[in-house]
Amino acid sequence: MSWGTELWDQFDNLEKHTQWGIDILEKYIKFVKERTDIELSYAKQLRNLSKKYQPKKNSKEEEEYKYTACKAFLSTLNEMNDYAGQHEVISENMTSQITVDLMRYVQELKQERKSNFHDGRKAQQHIETCWKQLESSKRRFERDCKEADRAQQYFEKMDADINVTKADVEKARQQAQLRHQMAEDSKADYSSILQRFNQEQWEYYHTHIPNIFQKIQEMEERRIVRIGESMKTYAEVDRQVIPIIGKCLDGIVKAAESIDQKNDSQLVVEAYKSGFEPPGDIEFEDYTQPMKRTVSENSLSSSKEGKPELKFGGKSRGKLWPFIKKNKLVSLLTSPHQPPPPPPASASPSAVPNGPQSPKQQKEPLSHRFNEFMTSKPKIHCFRSLKRGLSLKLGATPEDFSNLPPEQRRKKLQQKVDDLNKEIQKETDQRDAITKMKDVYLKNPQMGDPASLDHKLAEVTQNIERLRLETQKFEAWLAEVEGRLPARSEQARRQSGMYDGQTHQTVTNCAQDRESSPDGSYTEEQSQESELKVLATDFDDEFDDEEPLPAIGTCKALYTFEGQNEGTISVVEGETLSVIEEDKGDGWTRIRRNEDEEGYVPTSYVEVYLDKNAKGS
């Protein structure tokens, strides 16, 4: 099957068909180019996605990636980054192996097509010219034949006419002969041109056109083969990256299988373990005492002796005092934490055998109690916890990590010691290298001046000494946390012999407040005297400007009350005092005497007269 023989008369249709083939090829090139753009865009979006969810350096997110689930997610992000790289490879290979080659081939194809159809048009023009020549010689031959026939008829007519002279007859005969000769010449010319045209036409339809059409057919078939090869290349480019993409997916699966929930749970324990012991049982508080007013003195005394006495500084109240005003603070410091005693059965509590017991020591003024509380070294321990808690809120982390619970502090200190040891090793290696270089300079002076290394060697030695001091300091803190050294608070406590049993209980409760400070931080006391003094001064300055609570009424003592507990005040029957805080439901009323002594008395022991304005406010 050949286009030259089968389609010898379809020159125009072949021209349209070949142009359509080139358009198809250009359309495929455009398709591949858009596919490469999509692959690049997809790879870019995947990379941006992977980068978006990567943990930021030196941030809290980076610490979270110690868990196996987060590590698996990070591996997934890395694999997706490699996955995006394979799509970039697809784009690059399609561009280089398909788009560029086809664009160059299209240009060559257009040039070849143009040359073939130019030769075909040239052959058409030549045969058309021959045809025109044939037509022209044919018309001339026909015209000459007609002229010769008319000349012959005219001669015969003249020859038959007796009235025409002989000369006229001869002239007509000669004219007829001339016309016959011209007709013969035209015939010969027409025959020659016809023969040549037939030869040209045969060559045109059997040689030139078949050859040209054969070239066009081969050109078109090469185009078809080329586009098929490009489609195969298109598939192979994708197929080549499939193994690598499969490895990326296998990496994601492997990362997912590496997730260990038990390990993550252990990491949570290591990250948040405080090292504290769980709180003990809460002792029972008997609120039925007011109902036993008729029992004997022995039973009442026994119940009071057996009942636990709650001292100032417990967790329930102590951990709130840093955030209240001075008057509220004094209220919490001095308020008795037990139910008030029942009023005596008679007019005078001295006649009542089960009246309130008197303390062994004399009640001191409130201002003296508060000053003692402020200047007592164990209680400053709590103020130092407050100061550290506030500094933690402001973003200042103590150097010894004392704001952290014991277990977390131990980990931080251990990490710091390890880092310092690494720096010491690095500086030591540098010192050894400088020492070796100095020895080389001493043996070979032409290589350098040994004295030029003295300054550097001294600097490195100084750095090593500084790092060792830092390491010793952090190791001491670490040993203190791990229990290898006695705690500083215990040292300070042994150095001071000023504590009785009640003060020791207060220190213990204050230490509990330190462990359960409002910001959840843990602090460790340092025994430097200057720092304690500065802290106490800061606390005094902070509360000096607070005004005392105003009186809201007056009260008259119905019975004599000997204040024996912390925060109570003694009153005499018939005494009139100022009320500064009414009963809040706990059975105690806060009163003041002479603007300098205040405390709590049982509400049942006094008759209260509140001001109307105070009630309205």
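Note that Cβ sites are derived from N, Cα and C of the backbone, with glycine treated the same way.
Of the candidate ranges 354-381, 410-437, 494-521, TrEMBL annotates residues 410-437 with the feature coiled coil. Listed ranges 110-143, 280-313; the one TrEMBL annotates as region 'Disordered' is 280-313. Among the ranges 59-90, 155-186, 187-218, the stretch that TrEMBL annotates as coiled coil is 155-186.
Residues 270, 275, 400-401, 404, 448, 453, 456-457, 460-461, 463-464, 467-468, 470-471, 474-475, 477-478, 481-482 of the same chain, all 6+ positions outside the coiled coil (410-437), place their C-beta atoms under 8 angstroms from a C-beta of that stretch. Mean pLDDT across the coiled coil (410-437) comes to 89 in this model. If you look at the coiled coil (155-186), the same-chain residues 6 or more away from its ends with a CB under 8 A from one of its CBs are 137, 140-141, 143-145, 147-148. Per-class residue totals from DSSP over the domain 'REM-1' (403-480), listed helix then strand then coil: 72 helix, 0 strand, 6 coil.
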